[in-house]
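Working notes for the structure below.
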Number of protein chains: 4
Amino acid sequence: MNFEGINIPQKLVPNNYLQLGLEAQRVKQRHVKELLEKRKLPENGWRDEEIEELVHQLAALDSNNFAHNVGLGEREARIACRLVARRHYNFGHGIGRSGDLLEAQPKAAGSTLLAALTNALLFELLQMLGMHSCRGCFLVPMATGMTLMLCLQALRKRRPNAKYVLWSRIDQKSCFKAITAAGLQPIVIPCLLLEQEQSLITDCEKFKEKIEELGADSILCLYTTTSCFAPRNSDNIVAIAKLAKSNSLPHLVNNAYGLQVAAISGQLEKAQRVGRIDYFVQSTDKNLLVPVGGAIVASSDEQLLQHLASCYAGRASSSQTLDVFMTLLSLGCSGYQSLLVQRQQRYQCLKQRLQQFAKEHNETVPQMADNHISLALTLGTLTSCPGGRNIVELGAMLHTRGISGVRVVPVAQLKSIDGYEFKHFGAHHDLLEVPYLTVAASLGITCPDIDKFFEVLEKCWTQFNKTTDKQ
Amino acid sequence: MNFEGINIPQKLVPNNYLQLGLEAQRVKQRHVKELLEKRKLPENGWRDEEIEELVHQLAALDSNNFAHNVGLGEREARIACRLVARRHYNFGHGIGRSGDLLEAQPKAAGSTLLAALTNALLFELLQMLGMHSCRGCFLVPMATGMTLMLCLQALRKRRPNAKYVLWSRIDQKSCFKAITAAGLQPIVIPCLLLEQEQSLITDCEKFKEKIEELGADSILCLYTTTSCFAPRNSDNIVAIAKLAKSNSLPHLVNNAYGLQVAAISGQLEKAQRVGRIDYFVQSTDKNLLVPVGGAIVASSDEQLLQHLASCYAGRASSSQTLDVFMTLLSLGCSGYQSLLVQRQQRYQCLKQRLQQFAKEHNETVPQMADNHISLALTLGTLTSCPGGRNIVELGAMLHTRGISGVRVVPVAQLKSIDGYEFKHFGAHHDLLEVPYLTVAASLGITCPDIDKFFEVLEKCWTQFNKTTDKQ
Amino acid sequence: MNFEGINIPQKLVPNNYLQLGLEAQRVKQRHVKELLEKRKLPENGWRDEEIEELVHQLAALDSNNFAHNVGLGEREARIACRLVARRHYNFGHGIGRSGDLLEAQPKAAGSTLLAALTNALLFELLQMLGMHSCRGCFLVPMATGMTLMLCLQALRKRRPNAKYVLWSRIDQKSCFKAITAAGLQPIVIPCLLLEQEQSLITDCEKFKEKIEELGADSILCLYTTTSCFAPRNSDNIVAIAKLAKSNSLPHLVNNAYGLQVAAISGQLEKAQRVGRIDYFVQSTDKNLLVPVGGAIVASSDEQLLQHLASCYAGRASSSQTLDVFMTLLSLGCSGYQSLLVQRQQRYQCLKQRLQQFAKEHNETVPQMADNHISLALTLGTLTSCPGGRNIVELGAMLHTRGISGVRVVPVAQLKSIDGYEFKHFGAHHDLLEVPYLTVAASLGITCPDIDKFFEVLEKCWTQFNKTTDKQ
Amino acid sequence: MNFEGINIPQKLVPNNYLQLGLEAQRVKQRHVKELLEKRKLPENGWRDEEIEELVHQLAALDSNNFAHNVGLGEREARIACRLVARRHYNFGHGIGRSGDLLEAQPKAAGSTLLAALTNALLFELLQMLGMHSCRGCFLVPMATGMTLMLCLQALRKRRPNAKYVLWSRIDQKSCFKAITAAGLQPIVIPCLLLEQEQSLITDCEKFKEKIEELGADSILCLYTTTSCFAPRNSDNIVAIAKLAKSNSLPHLVNNAYGLQVAAISGQLEKAQRVGRIDYFVQSTDKNLLVPVGGAIVASSDEQLLQHLASCYAGRASSSQTLDVFMTLLSLGCSGYQSLLVQRQQRYQCLKQRLQQFAKEHNETVPQMADNHISLALTLGTLTSCPGGRNIVELGAMLHTRGISGVRVVPVAQLKSIDGYEFKHFGAHHDLLEVPYLTVAASLGITCPDIDKFFEVLEKCWTQFNKTTDKQ
């Protein structure tokens, strides 16, 4: 709906006043035209009203929102609770079609357009981040773990006889479970410990050995991870990509929260140029600050993406798409760029203050060349006294005081996942001697957050020591 | 914003799917066109999404919502709290201009259009209700009492030397205070008691006498009331209108909740044809089911309305206008008509059951030929026993049990308002002998409401009697 | 937040007025207490305000909504776009934990509570529908197809060496793709055609034969479908359940939109009692009228459900949970029951009128003892004339006129899905001779919908015949 | 509703996770308790969710929102359109009672509490601004003009025989119309022109003379204005307050947008201490950035306020109250303070740049000791050429380019308002020789606004000169 072509009587409003208003609408209309025709992420974010107007317009293209629609099917996107209808802007049909996430829906031109446009904008975003070798991407309405599983399933359809997945160990449950859920067999490649830096890197040699040992034909893919908790570094994806290419092996990259780190994007671009990455997967919640539930799969090969989409059984929620669409319009290029810059600055700040804290308390901050999000602090002095308090209580103390997201990694935690045992689970490797904690500077962290953290940490540290002394 | 003139790529959505959606939008666009060009109340109510879309479009015509507006004035409709902005759909400029409620605002074409359109739709509504002699109306963003005061002030500007207002007594404070607030002198004309019916009617003779006694020149206007609590009838506005005409005296009618009663609308039409009514005023909350705060002033003389609008000092809230606009679009002609029909039916039901109740308890329901909303039930048997409980406690008992709006009128309540004394205040006349209660069947009342009322009344009645017996 | 324990000064509001208000709040509080303590679906639906209040209260328990939360993790549920935050009521953490959909989240007590409560209410709903043998259920935030795939994956973890899935043919792509997506091998069991009724039933004998032929150990599970398009009947799940039990084989039931049909619920209950069903899966959108994107998995074995939940890799969207939660509270038991009753009545009406139409046009409505949603109408007379118009155009004609959901099934459509060929795809069997259309009476269909459908069908029928005659 | 006293089963959520959430709720609850018990404006603004929660809780105390309310009255706050209900958070009863804006409503404890609390918070705000002599204030749901009229009416009730209002001329229509609307007679006291500064000040002598001339008994009140367009200064309210006191005359101050200027607040405080002010009135939209429609009346005498409230005929809209309430909670003390500081800085910036511009273009910026919002710039050089373009077109040029709020005051504009003639209307005095424009730095103005203004002004100036030269 708009006022073009409507002859609004002078009696209602003087024409000269009206014209100024209509001119302002035309500017808005040009923005919409540009968005739809060129599919470009707007330079500056849109205002809430503009975003909602477009979203409503899109929803109005779906048949359940036609005034005189008569539904004789088994699924007519009727919505019983009006609060639910309202929060979904009356979108009800979801995205995709029985066997393909990227297929258009005859009943739902608006949902189709929403999904296609969102994918186009995400592609723009990746380009903006420097990933020029990337040829396409799309949003999968499942979180990273399940989306990685979907990628593994898609790869299996192309390599039905391969069953091994070579996986550089990272102690995060869901990316490991993606392998077992798909009914595949993980081959765990432990990380290498850099003695001096006290940090962990990819054991590329071991990958090579395993490929030779098992034979490339029996291997479904190589599976690496970029963003991760300290003191593990981002995997050496360039080296693994080369290895994948030379062995004609698929390569899957878990880039969970890597879009927010320029260095990782650079590595991904390089790896695609000189080696092989079939799919790289990133979480929408961590990289775009939307609620949990979506992931972006990108590839330098459009056909691989089409294949992946066709492996998704049935239609899917459009809720995640809507969140991402609104967020991208709301931020615009400049908004997202400034989020990135701020995060980078605050990461530096967090790092410096952590090193300072470590110095003052005779602890260490492991050095990592390839981790620009997460930091670790050893907790050696706190546990030196035998029979002392359990170090994990430090985490609980912080949590109770409003600090969330700090992980305390104790020594000697053994975990079994789907029959596979992991020693020192949480530490990414078998040789941990000193417990530590990790903190991360992720998108949206603020300076007062950092101040408050050190204030609370200082207090808890002192209190922990006191209590331990008494015992 | 809409999709006409935008070349949406096939890649985003197949054209044949899209066309069905666009066609549905064109239907909607035709509705908007019709509304704005013909200013007709739609036959059927619009859906929420359509209403909000139009409201947003209108707000977007105001300068505070232009993307690049630069405000150098003292009032730029900036809104500090986004929740406030949201609930007003970003309307901030109000309606009217420094000295005229109907004037257009250069900065706010949308607010101007909203107000003008709402007034046009209200006019349609009055026409639909049969008031063909009415020539115009507009919404005043003040409730009935203050709007009546505004009318009195406007009349005074035309008759600066007249100071008396001849007022047919009705025991509702605000319509009386409208006179004193304006600095005028009320002349109270008591109602006549019809002995047999036990109801009250206008004492037209007394009006005539007073006009002769005071002299028409000293009288500002005659002031009558239609809708009122039982056992008072609607004033005989036809007779008073004739009297006004023959004496060249203005006539102001308080039609507070009269639009919902066909008989009153009929009387208003007749009175305008055969006599004189300068302004008749009705509440928006009671007649249109919006929150308290607005009134509609109508007249058979457009110039009188212009004059009234120009007596309003300054600009005003557009919140009431927005409520009425949205409600009218939401109901449509058919929606409002069915509200009227239902009310009428439920009034009949309430009346029958009240008469039945009266019969069973040896009480009376006064008969009124000209009151089709409110009903009374005498409470004689409850108070017959001397030294019994105070009858107003019956009201409190009902209220505590979730029955609101029932008024218990005790004998001998004396009230002084601005120096004027009213005996048996609440009863509309000086000769009340038996206390009574009133109930009303107003717009939106339901059958379960009526059932529940009698159920609770029965219980309270019994309990009241018991307690009284004991004392 | 509430007003208990707050000493509101008389100066602000008289205490007796306030007490009435507070009493009303206590009633509301009792409803919440009952819901949380007894986890009972309320008899009557809640009002919008009550639902939103509870949802906000729940969200306030998540750490991202604490006023002084400091987030140092990699995922802190920050939401960049406030429109997105608003539509999710500030829920951001999703549900589940890295490796288990049913696990509680330390950072998000509210999301955890929301999910657990929703699952408890869904369980109540199943009980109300008569499924007393059911021991538990939970919502999976993926649509039916992917949820079926998840069930197959969970079964595989328990039977790693079985690879065949015996599947009673139903021509709906996503439930077939669930098998291939999981990397399993479908064994298609064609339906039996009942000559006289012209409808399709399960070929139980063939199931038996195949089990013997392949050996139970190599078979992952039997896989049946209840709700389906005419003229296929619901599978004979009781017989197949017995077969599953006697062969110690898992049995998976696709009950996509079956909750709305009492007969199907009855069959499910019986099948669980006398035979074996491991999981039965139903869509949330079709059965609960929420947007597409969720499914409910139920089982008579709680451990099987725990196992399934632990097969989901990673955390998941809570958006679907929120939709279902709000819808269940909004409807209440009585609201859902009346939706069921209305659907049943309108199905009867649709059936009668379709039979009448068939009679008038020399067509047939196949008879189905076990399909109470979908109906078919043969289109033999329309295609009798050789060289006539393509029958699928009839579907397009209907669609263009606002009728959605009618499927026209032509003869001789061949479809290949993941390498498997289906003759007459859409018809569920290989022997189709006459094209037909299907219509369904699903939850929320109205009588005017049915009237309008026949009006349009009549017109299109005539027009189709005319055009064909001319050619 | 809250979770205290509810025994949430461990099965739904682990108790330790839940406790953290509940603790956060208790903090919130303490804020509410403090607000209601101490009626203090919070130091820091509340979050949107907290504000809405409290607003919903308040609305739930009104009888129309009780689940089992049965309405038998003529006004039951039923709301027909749910969009309207939603935007008013289900408040429907308005504020006040038939004859008093400050009276509590038996049916609406929540609305009553909302209004009383808002008035208490506004009082806190005035205290914070240094007005310690102020004893009370309340919000009137009418804009400044009508509220001034209400004050005049209230004063008349106390001085029924006085009819003159001595008014220091200010060319703003609505404050003048407030006098005539009330049926009173304005005595215009022209401003004094300071030759050197080219600005205008109050002619206190003339006030004195007029009092003597007319006699204090015939004078209703003295009526001054603080905030105004340049080159008029704020009236010398201290001197006039003394005059009022010594003559026992009421004094009404129009402080329309004066709360945002510290100097004016200081003057008001001083005037109250050393002289007499009966009422001072300020707009809510201009001082608190809410939509147009409300005013705050304050006084150093609580009884005068009670009297004023009782002069309001009938009940009134609560919409303005809600806006102010939400805005105050949203800003908090610190939020409002920082708005004030920013405005002050930007006023200085605007002034400097305007002086610079004047210098470059041979124009003047009049000097005003008592106007810290509005600035003027002479337009002498633009009109020096005889037969040139009409200077008001400059205003139109600016407006068309998105600059709103700039007023161009031409020479020789004669205006008649209600029979009173004003020479050079807009200039506040009779002796204007050179046209000028005014700009204001009001709350919420930004630095980019100022930059953009000068950029556009420069362009228009050049263009205006060019066109004039050609003619």
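Cβ from N, Cα, C; glycine included.
Predicted automatically and left uncurated, TrEMBL annotations should be read as such.
Taking a C-beta cut-off of under 8 angstroms and a sequence separation of 6 or more, A:ARG75 (pyridoxal 5'-phosphate binding site) has the following same-chain neighbours: A:HIS93. Taken from TrEMBL, the feature pyridoxal 5'-phosphate binding site applies to A:ARG75.
The Cβ of A:ARG97 (substrate binding site) lies under 8 Å from the Cβ of A:GLU103, A:ALA104, A:GLN105, A:ARG315, each of these being in the same chain and 6 or more residues away along the sequence. The secondary structure of A:ARG97 (substrate binding site), as reduced to three states from DSSP, is extended strand. The annotation substrate binding site is assigned in TrEMBL to A:ARG97, A:SER98, A:GLN105, A:ARG315.
Feature annotation from TrEMBL assigns tRNA binding site to A:ARG273, A:ARG401, A:LYS466. Long-range neighbours of A:ARG273 (tRNA binding site) (same chain, six or more residues apart, CB within less than 8 Å of its CB): A:SER133.
Annotation source TrEMBL lists N6-(pyridoxal phosphate)lysine at A:LYS286. Taking Cβ-Cβ distances under 8 Å and a sequence gap of 6 or more within the same chain, the neighbours of A:LYS286 (N6-(pyridoxal phosphate)lysine) are A:ALA256, A:TYR257, A:GLN260, A:SER442, A:LEU443.
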Taking residues A:ARG273, A:ARG401, A:LYS466, which bind tRNA in the record, the widest Cα spacing (Å, whole number):
55
Would you count the other C-beta atoms found within 10 angstroms of the C-beta of A:LYS466 (tRNA binding site) for me?
10
Identify, among the binding-site residues A:ARG315, A:ARG401, the residue whose Cβ has the fewest other Cβ atoms within 10 Å in this structure.
A:ARG401
List which of the binding-site residues A:GLN105, A:ARG273, A:ARG401, A:LYS466 have a Cβ under 8 Å from any Cβ of chain C, in sequence order, or say none.
none
For the binding-site residues A:SER98, A:GLN105, which one has its C-beta crowded by the most other C-beta atoms within 10 angstroms?
A:GLN105
Extent of the substrate binding site in Å [max Cα distance among A:ARG97, A:SER98, A:GLN105, A:ARG315]:
10
Integer Cα-Cα distance in angstrom, A:SER98 (substrate binding site) to A:ARG401 (tRNA binding site):
48
